[in-house]
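**Student:** Summarising the annotation, TrEMBL assigns active site, proton acceptor to D:Asp210. Annotation comment: TrEMBL describes D:Gly88, D:Arg154, D:Gly155, D:Gly179, D:Asp180, D:Gly181, D:Thr182 as ATP binding site. Per TrEMBL, the feature Mg(2+) binding site maps to D:Asp180. TrEMBL lists D:Thr208, D:Ile209, D:Asp210, D:Met253, D:Gly254, D:Arg255, D:Glu309, D:Tyr362, D:Ile363, D:Val364, D:Arg365 with the feature substrate binding site. Sequence annotations record features per position, and here TrEMBL assigns domain 'Phosphofructokinase' to D:81-386. Among the features that TrEMBL reports, site 'Important for substrate specificity' is placed at D:Gly181.
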Protein chains: 4
Amino acid sequence: MSNKNKFDIEHLGAPKYKSPMELGKEPGDQLFDFINESNRLVFDLSVDHFHHCLSTGVQPDCMEMAGPREDLFFDAKNVTAAIVTCGGLCPGINNVIRGVVMALHYFYGVKRIIGVPYGYEGLNPEKGHELVELTPEKVNNIHQFGGTFLGSSRGGQDVEIMVDTLEANNVDMLFAIGGDGTLKGVNAIGEEIGRRNAKISVVGIPKTIDNDIDLIDESFGFETAFDVASPILRDAHNEATGAYNGISIIKLMGRDSGFIAASAALAMPVVNFVLIPEMHFSLDGERGFLKALEHRLEQKKHAVIVVAEGAGQHLFQEREEVKDASGNVQHQDIGVFLKEQISAYFKSKETPVTIKYIDPSYIVRCAPANSSDSVYCSRLAYHAVHGAMAGKTKFVASRVNNKYVYIPISEVTKKRKKIDLEDELWFSVLQSTGQPFFLS
Amino acid sequence: MSNKNKFDIEHLGAPKYKSPMELGKEPGDQLFDFINESNRLVFDLSVDHFHHCLSTGVQPDCMEMAGPREDLFFDAKNVTAAIVTCGGLCPGINNVIRGVVMALHYFYGVKRIIGVPYGYEGLNPEKGHELVELTPEKVNNIHQFGGTFLGSSRGGQDVEIMVDTLEANNVDMLFAIGGDGTLKGVNAIGEEIGRRNAKISVVGIPKTIDNDIDLIDESFGFETAFDVASPILRDAHNEATGAYNGISIIKLMGRDSGFIAASAALAMPVVNFVLIPEMHFSLDGERGFLKALEHRLEQKKHAVIVVAEGAGQHLFQEREEVKDASGNVQHQDIGVFLKEQISAYFKSKETPVTIKYIDPSYIVRCAPANSSDSVYCSRLAYHAVHGAMAGKTKFVASRVNNKYVYIPISEVTKKRKKIDLEDELWFSVLQSTGQPFFLS
Amino acid sequence: MSNKNKFDIEHLGAPKYKSPMELGKEPGDQLFDFINESNRLVFDLSVDHFHHCLSTGVQPDCMEMAGPREDLFFDAKNVTAAIVTCGGLCPGINNVIRGVVMALHYFYGVKRIIGVPYGYEGLNPEKGHELVELTPEKVNNIHQFGGTFLGSSRGGQDVEIMVDTLEANNVDMLFAIGGDGTLKGVNAIGEEIGRRNAKISVVGIPKTIDNDIDLIDESFGFETAFDVASPILRDAHNEATGAYNGISIIKLMGRDSGFIAASAALAMPVVNFVLIPEMHFSLDGERGFLKALEHRLEQKKHAVIVVAEGAGQHLFQEREEVKDASGNVQHQDIGVFLKEQISAYFKSKETPVTIKYIDPSYIVRCAPANSSDSVYCSRLAYHAVHGAMAGKTKFVASRVNNKYVYIPISEVTKKRKKIDLEDELWFSVLQSTGQPFFLS
Amino acid sequence: MSNKNKFDIEHLGAPKYKSPMELGKEPGDQLFDFINESNRLVFDLSVDHFHHCLSTGVQPDCMEMAGPREDLFFDAKNVTAAIVTCGGLCPGINNVIRGVVMALHYFYGVKRIIGVPYGYEGLNPEKGHELVELTPEKVNNIHQFGGTFLGSSRGGQDVEIMVDTLEANNVDMLFAIGGDGTLKGVNAIGEEIGRRNAKISVVGIPKTIDNDIDLIDESFGFETAFDVASPILRDAHNEATGAYNGISIIKLMGRDSGFIAASAALAMPVVNFVLIPEMHFSLDGERGFLKALEHRLEQKKHAVIVVAEGAGQHLFQEREEVKDASGNVQHQDIGVFLKEQISAYFKSKETPVTIKYIDPSYIVRCAPANSSDSVYCSRLAYHAVHGAMAGKTKFVASRVNNKYVYIPISEVTKKRKKIDLEDELWFSVLQSTGQPFFLS
């Protein structure tokens, strides 16, 4: 069988240097070993898939294990690395920046690390932002703060100009921390680099608070996001019970995927309805949302509703899509819309209700990483550096099936990850909230 | 000199019973002593006031010390007490409810405590809410949660109907937890009770997250409010620095008084502008707010603005006042307005800015009380109970000059407390933020 | 190939009833589907293992997917379930209790749920603890608190007596939340039940704050543990820098496994030394710990040391093992020992040092679950219930390779999970702290 | 009447310069006014004191209002200021450092600010610590961290040597942040300066987590201390209820004064016994502590005990006092002692108990300041600077009767503030815990 598969990572060329890291090479020496390139991990765990491969002779899709390689493409001590952060904020960005700088400096002895300010804009000289030098001292405490130390911006810049900037600054490797658009952007940069036969490795570290990057277990910052949202739900519940027929509507992030809404509702089981982009629901009708809400109020005199920002877009009359600078579809505000619809419905029924609308989005996204994400960010950063040093390019470092792996950027950007309504996560939410399976 | 002054509290009548509490009566017995009615505290601490009294022979205004009295008006074991919570949520309401129930039950052996549901509505039988019985078991854990265990509502009810309900339920004392409107309401109830010569004590425990009750040191929940707001400012600062010319606008509570905005900005010194209702500011002009903001961005490339919800109302064209059910003037949304004005201004200057608007109001107001407020709430509750048992009525329990006292409701509702722009608090804010003294 | 393997779960007998849950049965109906018993997951993800199976014809070890079954062994509406919590506290126990009660009541309509008080003692009538009835109302808020609502105790009780109690109370299924000893205990109960041919399902939900249950991704409460420890490390670092040659020693849980120490140090990268039970280290010698610490102080004038409670046991002269009531080896206090050794060492060198010893163990273990653990606990509880209803017995519900599965208790109790010193986790710790690979 | 009284502050000499601050000078100009030296505040608020003064013609003791003066002793732009932090850690030290630096730099234009490292040791050249220069940039973020940015040490140094160092470095004003010993130390420095007729202002900012500085409302860091302790008590309660006859003992700071123990117990009302240094209690006897504890366990099967570190010292056989480097009496560990005594008592009664001993001292003292303390620290720092600039010396800036004032160091160090067992605070604790008034 051929070992070639869709998860293979591109390399800039054959390795030329030995790693400066003093690691073990064989089991039993009580030392961590360099990762052998042939050591790969099966992607699909179902035994049915195993049998399918067995009967057809097809190789299973398998992924490269992340970690330090003994043979490097780059001469570590002469490397110039650059880091850029793009798109919206997400807890943990500073942890990743810090981890990349520390790994480059302490593990490989890299002397020159460039911080690109304000996202891809920082790679466009016309924008007038100056590149900054990064050192361990400068980034030592940044993990305790949310936001991005480097600044960010939305949207792309001309790929050729950006590669010009990288070349002009003798950059050997670019670490791009960002979401779907950013990853596609850095992949395009990698392709331009390839066309020029420049030897610059481009690496993505997937950042999306919505947790909608495909294939991977979860994206960093996501656990912090629902950890921060959780006490807000607890208190919103107290808002709801604090008034007769009190209704709290909390809008959480989730443009196309409802992971934060679903997980927050599971984490703080005071929620009665979760509305996510993946589900189709009606407001009206005997089995519609408003009727279900009315039923809830009759029973308990209060209700807590969590709605993902991208939910219920089909409910708006006007369908003209608006895109923001990153190319994401701009959504109408479903939270405000729901508040109005609920208010009108109960007014028509002459039922007094007290509705509170809470939008904690910015509070969630600029929070510092919690401990779990902090660990995750450090390890992602370390692996990203190991991969780049080995000359891999156009890949992301991530975790799949609870193991750290490298995956081609092109694979994780094929589509967005969404909640499968037939999967156990969504089922758990329905179980926990007690909301009807269908609202239409 | 006569001992009569404006801070004297009304009594239902002469005391008839001995307190069931076994306290000390004289210094040195290592036991807390009953409070002697003649033990009062001077209100105005300035030595000038002292000299004024001295030279004119006028008695200084002095307040009754709060605490348990040896002689009670009520026969504790036969008392029926009622508790009602009104108006918007504020951290600590449940702590006060718990404290009142515990004090009534454990200190005085009161057997019957009634919880009035959903504010003054609960005293109007037409509303159909049922009175609930409160016990130590029911309220044992409620201090760990925000909101109000009893439910609340805005606005008043017919005073005669409410007094009818109190009499019909043999209520001897009513504890009303609420703000300016609630206190005026319970005072009106007290007056109707007086007209009927009913022997029902009415007690207020001032609740206003805005900290705008006059005369008192501060209202409960206020410290929690800016404690909860503080990390939100910290993270909003990271939002601002995360973008080129990033501007974060955070709207905090404060309809007529800017205490939360001012204190939060002092607590988390990342704020560059604080706009409060007490100040008059212009957007335009060389010394106006927009110019100052522009100057700030030129210097630092980011800015954090805290605005109290009642600030800048003079800026709206339409001045038609709208009142909510509690009679509070409904304000236009200054936060949204500011965002639009700032956006337009920099658009006209062709300066790119990124503006984030954050409104954490509901997150702040339904948070659980922090430790300082928790202690304060317990002690307020205890004192309220002691005062009611002694037959005092139409008073609030509170803290003035760092001492617990009783004050007539009529005195604290004469006007709202506001930040004095010539006082040291506001000066500290100007010092801490570095914002210009005047923005007009 | 035979489908029989070591991960197969025992059943009480053939299913007799249809599930009362109304789920989907096929893909595409937008409804969660019942889990098909044949749907299993490969345990070992390495492609080498795949090839090994392929070439030898051996079936890979595979695990049963967790989730609701269409065919049940028990008649849900007539089931009596019991829950017991054993051993030391761990964040999330109450979440699991709540989840089990909610799932039994709402998903399956179970009417009778018994809470066993104070661990296995509660199944021994001689101890005099009374069984309690559990309802959704009783457990509704318990997830917000640490500890265990049911009480716990260490150590086992006579198995026959415990089974007698289960039978006397008509218990159909027993959910045991506990660590290694508890799981072995409930397995022994299951074996006695088998001997009696009683039809009682026994289910384990692995609880160990040390994260030392074998095979599974991680145990609940573990993430909370290092999340709570993390700011304590941050502040301990400030203690260290607050004095000249300041040294903070923080002892964290970890009798045989250093997962909490390692993860907390990764999460809060202010730590300079992590000492865990899995590593052998010397105090003395040129490459020993004390010399390394001295070197650190010379460089930076402060140091932060995290030590797992079970680390360095070889350093004690007296090797007499003492066991606690659960049979766990009682360890000498390595933290105090280290403090003494460090103090003596620098005294002998006439180097002034200031040492602070911090033991936050009880603060960590009785904290409420964070959001991630809260979600995990709910889902574990739901799956435990589904498995029991299907008549499975002597199994644990857990997560492996990021998927929810059932595993025989006997498999997870074969040995304790430890940190592999050659694995990437430990390597990350060494990278993050900069401590020498060996300290001997 | 003469205006001279014990609260008058010493001055270095007559003012020579005008303040560079542009403030108002009269009411109504919407600008904060310079503080008039004659504007003083009465210390004793009781109306009895007023009448006493009236009848005797004695002036009441009154304090100087803190705040900026129009006339300064120093030429602000040429000032060299120094800051030193001494003794144990306490939340808020960094906030005070930051506030002093910001006030000196921004309000007065001071160019040279010296940080003295590691307490008074830093003023003794023999110790070899180098003075550091402080700037707004260096201290900008330090308020978000516990500990002290400057380092601290215990104990004093030779006063003459310290004054030599101040003179050698042309220091004009020294801000000393520390407790009782530190304040006495800086007063002695001030006296030596006086003997030399050097013109150096010495200012104290009282720092004592125990809140035991006399006369003042409270010391900074104290509110944070019981705020941090409060959830630890909550969780310790869950430890206690998690075992049959579970007993949690939590030792909190408080060498001579039980304010933290008392306030934490009030803030988190799950505590059954509070033992403080001010009270005399017996273990044995019918009305002793152990009997009361036994009674509690019989009733409720669990108990939570908070003990201040300095409580029950009379219980130790050996009375040989040991002093630490600061001259504070070193206390035996009452927590461990209590645990042993309780264990022995119930063993003798053959009553099974489970005792957990929790000592969160270091976790409490190195926490970052909460919002209330953060505001307090900034304002204290500002006032300290204003006073020094005016040429005042040997004073502390603090808050009394809820107003900011200056007080001579000699007045606040006459004795330690303690809980008055006959005061309302302690009574509230007894009420809240339900513990007997006497335990002897």
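Cβ atoms here come from the backbone N, Cα and C positions, even for glycine.
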**Student:** Any idea what the Cα distance is from D:Gly155 (ATP binding site) over to D:Thr208 (substrate binding site), rounded to a whole Å?
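**Tutor:** Cα of D:Gly155 (ATP binding site) to Cα of D:Thr208 (substrate binding site) measures 15 Å after rounding.
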**Student:** Going by Cβ pairs closer than 8 Å, show me which of the recorded positions D:Gly88, D:Thr208, D:Asp210, D:Glu309 neighbour chain C.
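**Tutor:** Near chain C, no listed recorded positions qualify.
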**Student:** Rounded to the nearest Å, what's the C-alpha distance separating D:Gly254 (substrate binding site) and D:Asp210 (active site, proton acceptor)? Just drop the number here, would you?
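**Tutor:** Taking the Cα atoms only, D:Gly254 (substrate binding site) lies 5 Å from D:Asp210 (active site, proton acceptor).
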**Student:** Sort D:Ile363 (substrate binding site) into helix, strand or coil using the DSSP assignment.
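**Tutor:** Helix, per DSSP.
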**Student:** C-alpha of D:Gly179 (ATP binding site) to C-alpha of D:Thr208 (substrate binding site): distance in Å?
**Tutor:** 5
**Student:** Please report the distance from the Cα of D:Asp180 (ATP binding site) to the Cα of D:Arg365 (substrate binding site), rounded to the nearest angstrom.
**Tutor:** 17
**Student:** With every protein chain in view, what's the tally of Cβ atoms within 10 Å of the Cβ of D:Arg154 (ATP binding site), excluding that atom itself?
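**Tutor:** Taking every protein chain into account, the count is 20.
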**Student:** Given that the record lists D:Gly88, D:Arg154, D:Gly155, D:Gly179, D:Asp180, D:Gly181, D:Thr182 as binding ATP, what is the largest C-alpha to C-alpha distance among them, in Å?
**Tutor:** 12
**Student:** Nearest to D:Thr208 (substrate binding site) in three-dimensional space, by Cα, is which of the binding-site residues D:Gly88, D:Arg154, D:Gly181, D:Thr182?
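**Tutor:** Closest by Cα distance to D:Thr208 (substrate binding site) among the binding-site residues D:Gly88, D:Arg154, D:Gly181, D:Thr182: D:Gly88.
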**Student:** To the nearest whole angstrom, what is the C-alpha distance linking D:Glu309 (substrate binding site) and D:Thr182 (ATP binding site)?
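**Tutor:** With the alpha carbons as reference points, the distance is 21 Å.
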**Student:** Work out how many Å separate D:Arg365 (substrate binding site) and D:Arg154 (ATP binding site) at their Cα atoms, rounded off.
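**Tutor:** Cα-Cα, rounded: 15 Å.
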**Student:** Among D:Gly88, D:Arg154, D:Gly181, D:Thr182, these being the binding-site residues, pick the one whose CA is nearest to that of D:Asp210 (active site, proton acceptor).
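**Tutor:** So, spelling it out, the nearest of the binding-site residues is D:Gly88.
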**Student:** Write down the Cα-Cα distance for D:Ile363 (substrate binding site) and D:Thr182 (ATP binding site), rounded and given in Å.
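**Tutor:** About 23 Å separates the two Cα atoms.
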**Student:** Does D:Ile363 (substrate binding site) have same-chain partners at least 6 apart in sequence with Cβ under 8 Å from its own Cβ, and which are they?
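**Tutor:** Residues satisfying the criterion: D:Val228, D:Ile232.
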**Student:** By Cβ count within 10 Å, point out the most packed of the binding-site residues listed: D:Gly155, D:Gly179, D:Gly181.
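**Tutor:** The residue with the densest Cβ neighbourhood is D:Gly179.
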**Student:** Three states by DSSP: which one describes D:Thr182 (ATP binding site)?
**Tutor:** helix
**Student:** Can you tell which of D:Gly88, D:Gly254 has the least company, meaning the fewest other C-beta atoms within 10 angstroms of its C-beta, among these binding-site residues?
**Tutor:** D:Gly88
**Student:** Across all the protein chains here, work out how many other Cβ atoms are within 10 Å of the Cβ of D:Glu309 (substrate binding site).
**Tutor:** 25
